[in-house]
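Chemist: What follows is a single structure, and I will ask about it in a moment.
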Protein chains: 2
Amino acid sequence: MQKDTLFATLETAVTAGDKQSARATLELAHPADIAEAICEFTAQQAVHYLSLLSLPDHAVLFGYLTPHAQAEIAREMSRNDLAALFSQMEADERADLFNRLSEEDQHTLLPGLAQAEREDVRRLASYPEETAGALMTSDYATLRGHWPVRKALKKLRLEAPDKETIYQTYVIDANRHLVGTLSLRELILANPDRLVEELMRTEVVHTQVDEDQEVVAKKIRHYDLLALPVLDAEDRLVGIVTYDDAMDAAVEEATEDAQKSASVAKLDAPMNQVTGWELYRKRVFWLVLLVFGSLLSGAGIAYFEDTIAKYVALVFFMPLLVGSGGNAGSQSAALMVRALATGEVAMKDWAKVLGRECLVAGALGLTMAVAVFALGWFRGGVEIAWVVAFAMVSVVMAGSLIGLCLPFILSRVKLDPATASGPLVTTIVDATGVLIYFGFATTILGL
Amino acid sequence: MQKDTLFATLETAVTAGDKQSARATLELAHPADIAEAICEFTAQQAVHYLSLLSLPDHAVLFGYLTPHAQAEIAREMSRNDLAALFSQMEADERADLFNRLSEEDQHTLLPGLAQAEREDVRRLASYPEETAGALMTSDYATLRGHWPVRKALKKLRLEAPDKETIYQTYVIDANRHLVGTLSLRELILANPDRLVEELMRTEVVHTQVDEDQEVVAKKIRHYDLLALPVLDAEDRLVGIVTYDDAMDAAVEEATEDAQKSASVAKLDAPMNQVTGWELYRKRVFWLVLLVFGSLLSGAGIAYFEDTIAKYVALVFFMPLLVGSGGNAGSQSAALMVRALATGEVAMKDWAKVLGRECLVAGALGLTMAVAVFALGWFRGGVEIAWVVAFAMVSVVMAGSLIGLCLPFILSRVKLDPATASGPLVTTIVDATGVLIYFGFATTILGL
């Protein structure tokens, strides 16, 4: 169904308070699409629509909303409705929502849950954001090694409705230590009388509960996993991260890197929901900081004021030279930041990468020097032409090397290499470029 | 096992030509890790190691290699070995490899396959890169609506070893039209005597064979799918794209966008394998093109040469002003490009986004103007201070709006919005900034 039609249908149902037509939309469209349409409603309208649905439908739909929208809508719901919804949600989504509620709401919600669920929420909600612990769910299927396949399948059938996945199962011992893994595919192909421990794979790819979500997503992608088991400090199985949550995390990380690459701090909401005030706050820090960087370029210019006053024509080439250096630097930085993020290049490769970069940057600088030499001759004579050409090779090489090294250096001092953004590199290279250019000019023109 | 240890173990096995220890590594490490270690070998060494394994093990391992490495290693293999391997590979990976082989190799490989497989390779290999067709596999499980669950499960058990997934099945009619979908979870929970058509969901999220891989990955993520069915122009089911391939495609697209964001054309190989020559080629085009952009800034400076000659102090603030405009523009462009790529913002939202941007950019400009006013006063007197402050507000606003609008304009004329890269925006904003700054200066200083 078209998004606009869907929105109109939902709006009619809400206005009329019509339970039947509200529920009918669930047959017509995928819950992910309905959730998206609901995001266009005000929170009150959304609460109204959700109240027309049965509780299980309500919970499914709620799960497809963005965390941001979930929290907004939850704030508008009555305590009783929220408590009922809360008990029906999936374990990982429930914990995420819990973390986004006010302390007051949190305190009124917990008593409504059973003891075990309460502890589960507290535990899952306790892990820091962007870690395996925050991403994982406790709704996974476990088996025991001494069970026959027949018993394992029976248990999976019983538990299927409550588990996030039954396609990959985890074999644990009496102390919840992870001893193996088995897929449902392998189980249904196996002789029902064989034992789980005879069939399971014992080399299980896993992660620790405090691992960064970027690493989690990379592991799931690298090993083509449906889910990645998560262990605590005592190596006990405490949860799994499923591929769909890992995919969301990977996209979130790419967005964060794309924003950092332009010196914007991480936004707390998607671009269609973020407020102007937040955008201002996330941008102003770096803009002001970079002003001080630009002052270095200014200082460089001030230092060479005599040279400039004598040859004002030199200023004509300044944007060209420092711009090209900045552009080459941005290219190198972006290539390195992304290669470090995807794991294509590791810290240990840096010498090899540096060698190649010197050659590439040299070739790029020479190409550009040839182009500007002609231009320099035409506008300022042969001397200016040589100044501009020499400066171009040097500035492009300096820019490329700065752009290449900065992500490595940041990574080395345990900062996010993505901070080596285009604007930061450009600002540093600008100042370097000014010094190189006017330095050459002063020397060659004998000023 | 540690990567270095694994590499050493493999190397020993290869040097000794020891089949037993070569196979033993398969027990010790995940094939994905072995494949990664193999990439550090020369192609000849890799072929040697692979030849020590049984054909099925060989095929599994080969599947984990990057497409680039697959093609390199295939080139070193004997025709017979390659043909044998080829017949054992997964359908989608086989077609990808086929596309990367020389025409000569292609011609010698095809006769070795059965008629049906030959047609399958030809068909899968015929779809353009980065489309659903190129990403999909033909190894999927289909059911018929009139079958009882019992029969469906029996068929899945039989086919399980050959299918990429049996967890999501697709129900087709006599003409291969897609009529429904059913998960293995639903099947094993159902009464064995019920019919597939009574249980299946008939609203199936699907895609067309020529759809862009970015859209495919977005759909799989949006609907949390294990696999997305692909239909041809006559709406017949021709393949499925699985979540793991979609995740790879999403990361590939993010990498491409990150590179474009710094004016680098799409690389054909990962950063650790790309040659210096390719890096040069992919970077030089934009660098040279942007030189002509920078000439506009130079021309602006030339136009105001008299102003500059009278107030050389003005040059001091130039990097600061044009730099800030460029930085603000890069921020806006990166935010918009990413929001368009993830679908957080659509073309229709552009008026709303523009309104917010005007406020944010105005606030940012004012903040920065306050900072530089003091500086201007200190260095050049109150008149220069006013020039610099006014110019700052205007340049930051102009930069932000250019950065915001460029991705929308590119998207409108059917170009990739990611081309609105930092360097391109910076170059355009630089020229604009020069005109604004010296324009203000000439007017206010009454020159």
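Yeah, the Cβs are placed from backbone N, Cα and C, and that goes for glycine too.
Here the structure is a predicted model, which means the values were calculated and not measured.
Summarising the annotation, TrEMBL assigns domain 'CBS' to B:136-198, B:200-256. Marked as transmembrane segment by TrEMBL: B:284-304, B:316-337, B:358-378, B:384-410, B:422-445.
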Chemist: Could you give the residue numbers and ranges of same-chain residues that sit at least 6 residues beyond the transmembrane segment (B:422-445) on either side and whose C-beta is under 8 angstroms from one of its C-beta atoms?
Modeler: 261-263, 286, 290, 293-294, 296-297, 300-301, 303-304, 307-308, 311, 314, 317-318, 321-322, 325-326, 328-330, 332-334, 383-384, 386-387, 390-391, 394-395, 398-399, 402-403, 406
Chemist: Among B:284-304, B:316-337, B:384-410, which stretch has the most Cβ pairs under 8 Å to the transmembrane segment (B:358-378)?
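Modeler: Going through each listed stretch, the top one turns out to be B:384-410.
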Chemist: Can you tell me how the residues of the domain 'CBS' (B:200-256) break down into helix, strand and coil by DSSP?
Modeler: 24 helix, 16 strand, 17 coil
Chemist: Please spell out the DSSP helix, strand and coil residue counts for the domain 'CBS' (B:136-198).
Modeler: 23 helix, 22 strand, 18 coil
